[in-house]
Amino acid sequence: MTIPYIGAQEYFPGIGRIPFEGRDSDNPLAFKVYDANKKIGDKTMAEHLRFAVCYWHSFCNAGHDPFGPGTRNYPWDAAGVPLARAEAKLDAAFEFFTKLGVPYYCFHDIDMAPDADDIGEYENNLKHLVALAKQRQQATGVKLLWGTANLFSHPRYMNGASTNPDFAVVARAAVQVKAALDATVELGGENYVFWGGREGYACLHNTDMKRELEHFARFLTMARDYGRSIGFNGVFLIEPKPMEPMKHQYDFDSATVAGFLQKHGLDRDFKLNIEANHATLSGHTFEHDLQVASDHGLLGSIDANRGNAQNGWDTDQFPTDLYDTVGAMLVVLRQGGLAPGGLNFDAKVRRESTDAQDLFMAHIGGMDAFARGLEVAHALLNASPWEQWRAQRYASFDSGAGQDFANGQLGLADLHALAVKSGEPVKLSGHQEQYENLLNQYLLRR
Ligand code: XLS
Ligand code: CA
Ligand code: CA
């Protein structure tokens with residue numbers, strides 16, 4: 001992936017391969033921290049972070065919001081009929097991936113190919129674009145992190161896709177999931193995502209939640225069985241989000257989805273794709289939802305972005321907060337990495353950011369923020385007293401009666417007897433400030 005891919009037309013002229021220039025560079029189009037081949041422990045930065053660019057925000061979304069249309073004029077959108085525009089967009093996307101130097105991308109069926117109500121036309125459009133994408137993947141070495149189907153934009157899905165109260169819509173949703181799974185397998189995708197944007201309700205009065213959730217599990221089971229039957233060996237991912245567009249979404253957060261997967265026997269094939277801004281929407285921190293997923297053995301992949309503390313809604317901003325990236329990488333490193341998942345920038349430049357180079361700068365900032373998060377988390381875990389302090393806090397369970405309790409060898413009456421014998425427990429400080437200061441100290445260190 002050293003030579004940028006340029007199709008029939010160059011869509012980002014004047015911008016070449018983004019170089020690594022180090023911390024003292026002021027060049028906005030250079031990496032300051034992300035040095036793909038730099039070793040952190042036993043893996044390179046590229047191997048740890050497995051960055052992906054998302055197709056929808058970066059090449060489809062021109063900046064519209066509920067109050068106004070897009071503000072960016074994409075040259076690939078000027079290419080005539082829908083199929084020609086989709087081909088031009090594909091060229092622009094691969095030019096961007098290779099100039100930025102990311103190893104992966106992610107897409108929804110109808111980001112890449114024109115949608116159509118006619119099923120045959122929809123399937124042919126997607127097959128055509130997938131064949132072209134496959135050629136570009138082979139030419140550039142860029143790979144597919146995950147594919148997915150958009151089951152939330154078309155008006156037919158207004159009451160849900162696989163949880164729709166109308167069976168005809170559930171069956172229609174299967175058309176897209178089948179096609180997107182076929183596409184993912186054809187492109188060697190390492191994961192397949194379900195984000196249930198309309199799987200939830202606007203009003204509980206007219207909703208049989210129990211029935212809808214049973215249908216949801218049935219549909220996911222069918223998708224898994226179909227995927228495995230066509231040779232998909234990757235990981236199925238559910239992406240939690242508590243609300244927006246619906247008032248309530250069934251895949252509320254990590255804990256909810258973990259319980260759902262276990263209840264329906266899906267936890268061997270499915271893991272979670274945790275998006276930062278969705279975790280904060282559900283009232284948690286990003287790090288919290290990652291940790292819950294990881295503790296269940298279900299942290300599969302990450303959608304890297306951030307929300308806005310003042311607004312609260314899903315603003316999908318590029319991640320720049322180093323506390324967030326250190327927190328995320330602590331969870332990732334402790335579980336031994338993310339592969340075959342990765343870090344997908346499900347983030348969009350602001351509506352007011354209208355230059356082509358803004359898209360590069362946004363990704364450079366996100367990649368540098370996660371690279372620094374990786375460096376600091378790795379140092380905290382391997383060269384600081386952090387883990388030792390944490391382990392020490394639980395040391396009373398490592399031997400004696402504490403260990404017997406943890407191993408299930410004591411009853412409540414035994415604890416009572418021990419408490420009577422030991423008297424009032426001595427207070428043990430949690431030392432929160434000590435951890436916070438250590439984190440800052442390592443953030444400042446070169
Ligand atoms: C929307 C979701 C969506 C999924 C893929 O909020 O983040 O983009 O990642 O369908
Ligand atoms: Ca997402
Ligand atoms: Ca989002």
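Cβ atoms here come from the backbone N, Cα and C positions, even for glycine.
Residues E239, E275, D303 are given by TrEMBL as Mg(2+) 1 binders; from D208, D324, D346, D355, that same site also lists D346.
Around D316 (Mg(2+) 2 binding site), taking its Cβ as the centre, 22 other Cβ atoms fall within 10 Å, counting all chains. Less than 6 Å separates the Cβ from ligand 1 in the case of E239, drawn from the recorded positions D111, E239, D316 in sequence order.
Looking only at other Cβ atoms within 10 Å, the busiest spot among the binding-site residues E239, E275 turns out to be E275. Among the recorded positions H108, E239, D303, D314, D316, the residues whose Cβ lies under 6 Å from any atom of ligand 3 are, in sequence order, D314, D316. According to its DSSP assignment, D346 (Mg(2+) 1 binding site) is coil. Considering only the recorded positions H108, D314, D316, D303 (Mg(2+) 1 binding site) has D316 as its nearest partner by CA-CA distance.
Checking each of the recorded positions (H108, D111, E239) against H278 (Mg(2+) 2 binding site), the C-alpha distance stays within 10 Å for E239.
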